[in-house]
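Asks: So TrEMBL says this about it:
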COMPBIAS  32-44  compositional bias 'Basic residues'
COMPBIAS  51-64  compositional bias 'Acidic residues'
DOMAIN    501-616  domain 'TMC'
TRANSMEM  183-206  transmembrane segment
TRANSMEM  263-282  transmembrane segment
TRANSMEM  355-376  transmembrane segment
TRANSMEM  397-416  transmembrane segment
TRANSMEM  436-456  transmembrane segment
TRANSMEM  621-642  transmembrane segment
TRANSMEM  678-702  transmembrane segment
Amino acid sequence: QITPFCSQGDEDFRENREKENRGKRRNGERDKKKRENGRRKRSSKSVSEPETSEEDDNEEDGNNDGEVRPELLSPEELERLKEAVDEKKKLIQSLRGKPWPMKQKLVTLRESQQFVEKYEGALGKGKGRKLYAYKVMMTKKWMKFQRDFENFKTACIPWEMKIKEIESHFGSSVASYFIFLRWMYGINMILFGLTFGLVMVPEALMGRPYGSIPRKTVPRAEEASAMDFAVLWDSGGYAQYSVLFYGYYNNQRAIGWFKFRMPLSYFLVGVGTVAYSYMVVIRTMARNANESGIGDDNSFNFSWKTFTSWDYLIGNPETADNKFASITTSFKEAILEEQESRKDDNIHLTRFLRVLANFLVLCCLAGSGYLIYFVVRRSQKFALEGLENHTWWERNEVNMVMSLLGMFCPMLFDVISTLENYHPRVALQWQLGRIFALFLGNLYTFIIALMDAINLKRKEEKVVKYNITMWEASFYNGTGSENSTAPPITIHPADVPRGPCWETMVGQEFVRLIISDTMTTYITLLIGDFLRAVLVRFLNHCWCWDLEAGFPSYSEFDVSGNVLGLIFNQGMIWMGAFYAPCLPALNLLRLHVSMYLQCWAVMCCNVPQERVFKASGSNNFYMAMLLVILFLSTLPAIYTIVTIPPSFDCGPFSGKNRMFDVIQETLESDFPAWFSKVFSYASNPGLVLPFILLMVLAIYYLQSTSKSYKEANIELKKKLQMVTHNSENFVIFLLCSFDLILIAQKRILFTQDGICLILQY
């Protein structure tokens with residue numbers, strides 16, 4: 001019989017078992033000696049303790065469970081004992097990665113822990129060893145504190161348990177939406193803190209009170225309806241003349257006893273919120289890229305599917321069944337993809353259907369853009385005629401049309417995509433791109449229509465400004481005289497005529513759009529998910545067909561649509577926050593309510609998806625779309641700040657040619673002359689353009705370096721694969737040689753006197 005070769009771990013395991021058996025035998029012998037000593041002591045009671053023999057003392061010392069007395073050990077033995085304790089600690093830490101059986105790991109772990117607990121405390125006894133015991137104690141307490149602090153941090157994460165519950169029932173793909181929503185909630189918390197603490201609160205506490213100047217007073221003609229719900233819902237009345245909108249803020253350079261620079265703070269907060277958003281989004285993308293690694297999905301495709309396809313966070317049987325079916329389907333698709341690629345389908349019919357589908361999608365996009373442009377121009381005509389003369393739908397049709405288009409067009413795109421016969425992954429990418437183009441086109445159509453409204457307001461502003469000048473001249477010339485001693489006539493701010501404030505108009509439009517989009521989302525959630533689930537649940541037993549398996553069935557949670565809606569909602573916040581400082585607060589409230597409402601809807605009204613996708617590959621995709629929306633949202637705001645003059649009688653920048661003139665004014669008034677010169681030289685286009693060119697060249701160089709590193713990694717992977725292939729051949733050669741050696745060992749006999757005889761050779 002051939003004795004199989006054993007690994008080093010198996011040999012260590014046998015040695016540990018033999019040591020354990022020898023220790024048990026020694027313990028049995030010690031117990032036997034202890035009983036004999038007890039009988040001997042009971043038989044000789046007259047013998048006093050000092051007369052006990054030295055041999056019995058040694059036996060009693062040996063019976064003290066192997067206690068180590070450091071005062072009896074030499075320095076060399078103490079050093080060896082410390083090294084043994086350290087080795088056992090290292091073994092405990094690295095035991096998880098040992099290629100040993102689980103039983104051997106458990107035995108080794110138990111023995112190592114007992115050894116450390118036994119001798120680590122003994123090393124702290126005795127004179128001169130208290131410092132070591134103190135270090136050991138503090139190390140243990142520090143490790144316990146770190147574990148408790150990590151548990152405390154986990155418990156302090158908002159909505160962590162809700163998201164974990166959703167993750168266990170629906171997988172990580174659905175939970176990724178709620179994690180993204182929580183991340184957006186944190187971003188808006190910072191934006192709200194900046195606008196509320198540095199813009200709204202200083203103006204409310206240190207600025208001029210309500211009713212002191214015309215821009216902070218409701219006009220006399222609007223006082224009767226200023227508190228009506230319909231007016232407040234449309235962001236008019238007292239809401240319009242408050243800190244919620246741009247036009248309320250005064251252009252006074254310093255306010256309050258603190259001499260707070262209100263116009264400068266307003267401008268810097270607007271710029272700082274955008275800069276902070278860029279920094280956070282790019283940093284998050286970089287962190288996700290580092291965590292995801294640089295793995296190649298094309299290498300070892302079936303190995304990756306076999307060992308990494310399962311989502312271990314699933315805790316619901318139905319979701320687990322769906323995930324199992326999804327993995328099975330993915331294997332079938334991977335096997336049949338090569339066969340499908342070789343099939344001779346009617347390529348001309350496929351191309352025609354795909355061209356037709358794209359044409360229909362373009363028609364939908366163009367129609368939605370034209371519809372938004374039409375209703376915006378129509379709403380401008382209604383505004384000139386007076387909104388009080390029109391119905392609720394006519395006053396809010398812009399917001400309602402945009403919300404309805406965002407709700408029904410994705411469904412239409414999903415129906416059109418059936419003509420293309422794409423792979424499901426490719427179809428999902430096309431669907432996301434089309435929804436992205438829809439939202440972006442609608443948003444920019446809305447912005448173009450707003451630009452037309454701004455131009456109309458500016459033309460109206462010129463006429464109003466001329467009329468106000470004539471009114472003031474006629475009023476003061478007609479009521480005053482040269483020799484009059486009467487007190488000057490004061491006019492109430494509500495009676496003073498004022499011009500149209502296009503900045504407040506833009507802020508109102510974005511507030512209405514956010515409110516209508518929020519209400520449409522919640523109503524769709526209640527009708528499309530809750531009522532649908534109620535009908536399927538209670539009418540299934542008395543209906544003609546199975547409502548759960550057929551139409552309408554329970555709805556699935558649309559991760560892509562909800563994430564895109566969240567991204568474009570945030571884009572509107574970035575775009576309109578400069579003209580309506582209340583937008584971050586409204587969005588914060590919206591996200592807070594959405595977290596609870598959608599968590600409830602998912603757990604009560606939705607079912608797990610038929611194909612459960614992992615969320616690891618979509619994090620940076622969502623962040624990339626958010627970065628694109630951030631860039632496209634800041635372009636209109638930057639255009640209006642740089643090119644369009646501010647209104648003459650409202651806002652913190654009234655009376656200036658451009659909004660950014662507040663920076664130059666601050667430099668000239670609050671800083672030395674040399675600093676102003678340095679800043680003017682630094683902002684000279686002759687220096688800015690070369691700096692931008694240098695940045696572009698640096699980015700190009702870094703991108704080229706990254707590309708070369710990527711190619712080097714690919715070449716290294718190929719070499720590693722070749723080495724692996726050669727190693728496999730070498731291992732096969734060694735195994736064959738090993739088999740020949742075993743066959744030769746079978747034919748060798750050893751005689752008693754050590755003479756080796758070879759048979760059959």
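Each Cβ is built from the backbone N, Cα and C atoms, and glycine gets one as well.
Distances, neighbours, how buried they are, the whole picture for these features please.
Replies: When pLDDT is averaged over the domain 'TMC' (501-616), the result is 84.
Listed by sequence, the residues of this chain that lie at least six past the ends of the transmembrane segment (263-282) yet keep a Cβ under 8 A from its Cβ atoms are 187, 190-191, 194-195, 198-199, 202, 249, 251, 253, 574, 577-578, 584, 623, 626-627, 630, 634, 637, 641, 652-653, 659-660, 662-663, 666.
Residues 357, 360-361, 364, 368, 371-372, 375-376, 378-379, 431, 434-435, 438-439, 442, 446, 509, 512-513, 515-517, 520-521, 524, 561, 565, 568 of the same chain sit 6 or more residues outside the transmembrane segment (397-416) yet have a Cβ under 8 Å from a Cβ within it.
Within the chain carrying the transmembrane segment (621-642), a Cβ under 8 angstroms from the stretch's Cβ atoms is held by residues 180, 270, 274, 277-278, 281-282, 284-285, 288, 436, 440, 443-444, 447, 454, 506, 563-564, 567-568, 570-572, 574-575, 578, 658-660, all 6 or more beyond its ends.
Beyond the transmembrane segment (678-702), the same-chain residues lying 6 or more positions past its ends with a Cβ under 8 Å from any Cβ of the stretch are 667.
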Asks: In the domain 'TMC' (501-616), how many residues does DSSP assign to helix, to strand and to coil?
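Replies: Across the domain 'TMC' (501-616), the residues distribute as 82 helix, 4 strand, 30 coil.
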